[in-house]
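The structure appears right after this line, and notes come after that.
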Amino acid sequence: MKTIDLSREMTVVRAGLTAPFFTWLAMVTFAVVAFTLTASAPMLGDTTWADAARVGTGWWMTTFGGETAIGGVPVSLMPLTFTIIVVYVSYMLFRKREVARWSEVVTAGITQALVVALLGVLIRPNGAWWPAIFGAFALGFGSALCAARHELIHVSWWDAAKPRLRYLLVVLTLLACLVLVVAIALGWSRITQIHGYYLTGVLGGAGLVVLQLAYLPVGAVWALAWLLGAGFAVGTGTEFSSLGVESAPLPAIPIFGALPQVSDGSPWIVAGVCVIFAALAVVNTRREQAALGVTLKNTAVATLATSLVLAVLSLMASGAIGPQNMAEVGPVAAEVFGYALAVIGLPYMAATLFAHSTTHTFIRTKFTEARERRQDTKAESEPDDVEPEPRQDGQ
């Protein structure tokens, strides 16, 4: 009798359980500790530890794209720090387990989706948490696929474009971190001033800092959207972009002190980004030895993939942090995609074309041909020298 060996799938299941479960445990613990420190506050009323655990679970659901309601306030903005932890830990565990089959990749996605579904059904957090099931499947599937990419993905045009894609993403990451650090440094006095409004003591202040650190990568994505000119919103009717800032009264959240002040914008910043990626294209092209057509194809794939990555990140960095006006925060994914193609893709593609040796040879050849044609035309326009008639004897 033939038996079905599921040992590999069970190994993947154990690996897939780890990251979602422990992030849930951490976020619920944070919520319970915060409740313990503020249990005597009159505004909490009859709130119990079970309610605090339900709030923590609802917050955890937003890690995977779900929505929760805390005190009747809708929250759907993803705490990307925890999302990154889930993806990275899952990726490392799947890689350690040597995931190498499509069935194992699908098992990883189903496992993480079932964890979310089971905890959601058992604890029943407030809000529309169920989209987190699909988000968990996507994260589990994606992290397992990345771990098994060398065995499962064999696409020549993708492999050829990966070096350029890697350079683009590294430069974008550095720019995002730089802009975020500069923004925090410039707004530090406002950040500390707002933080001082909360008379929560040392532990409460530390909890407020940890809460904001959970959303720090969101700030990096917003910084990129600002840098590209697409901008982002912090409430309905607001726009924060390097091309102009329109603000409105904002909630007293310390990190909002790093937001740029109202201004007409600085278009030179977008121009500077174009120059940076044009220079990167020149460096990348001079290091390659591929034909012009192949190089342009690799460049097109890399820039399109980069724009898609930025659009997905923008979607993950947008959502709601409150009712009414605060139901709309973050960048618009479609706008970020378009601006990325214009600000990153066009300069990068144009610089690649002009920096390639084939283009240089073509231009030199055309200049040489034009110079030769001018010389030939000049020679044809000059009259031929007339030879003098021979002198006759006796004259």
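Each residue's number is its place along the chain shown, starting with 1.
Cβ from N, Cα, C; glycine included.
Annotated in TrEMBL:
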- 21-41: transmembrane segment (TRANSMEM)
- 69-93: transmembrane segment (TRANSMEM)
- 105-123: transmembrane segment (TRANSMEM)
- 129-147: transmembrane segment (TRANSMEM)
- 167-188: transmembrane segment (TRANSMEM)
- 194-216: transmembrane segment (TRANSMEM)
- 223-245: transmembrane segment (TRANSMEM)
- 265-283: transmembrane segment (TRANSMEM)
- 295-316: transmembrane segment (TRANSMEM)
- 336-356: transmembrane segment (TRANSMEM)
- 366-381: compositional bias 'Basic and acidic residues' (COMPBIAS)
- 366-395: region 'Disordered' (REGION)
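At the 8 Å Cβ cutoff, the transmembrane segment (194-216) and the transmembrane segment (69-93) share at least 3 close pairs (sequence separation 6 or more) and count as touching. Between the transmembrane segment (167-188) and the stretches 69-93, 265-283, 336-356, Cβ pairs under 8 Å are most numerous for 265-283. Long-range neighbours of the transmembrane segment (105-123) within the same chain, counting only residues 6 or more positions beyond its ends whose Cβ lies under 8 Å from a Cβ of the stretch, are 9, 12-13, 15-17, 19-21, 24, 53-54, 57, 60-61, 64, 66, 90, 94, 99, 129-130, 132-141, 143-145, 148, 152. The stretch with the most CB contacts under 8 Å to the transmembrane segment (336-356), chosen from 69-93, 129-147, 223-245, 265-283, is 265-283. Residues 172, 175-176, 179-180, 183, 256, 259-267, 269-270, 273, 310, 313-314, 317-318, 324-332, 335-336, 338-340, 343-344 of the same chain sit 6 or more residues outside the transmembrane segment (223-245) yet have a Cβ under 8 Å from a Cβ within it.
Below 8 angstroms of C-beta separation, residues 12, 16, 20, 58, 61-68, 83, 86-88, 90-91, 94-95, 99, 104-113, 115-117, 120, 153 of the same chain, each at least six residues beyond the ends of the transmembrane segment (129-147), sit close to that stretch.
Helix first, then strand, then coil: DSSP counts for the compositional bias 'Basic and acidic residues' (366-381) stand at 16 helix, 0 strand, 0 coil.
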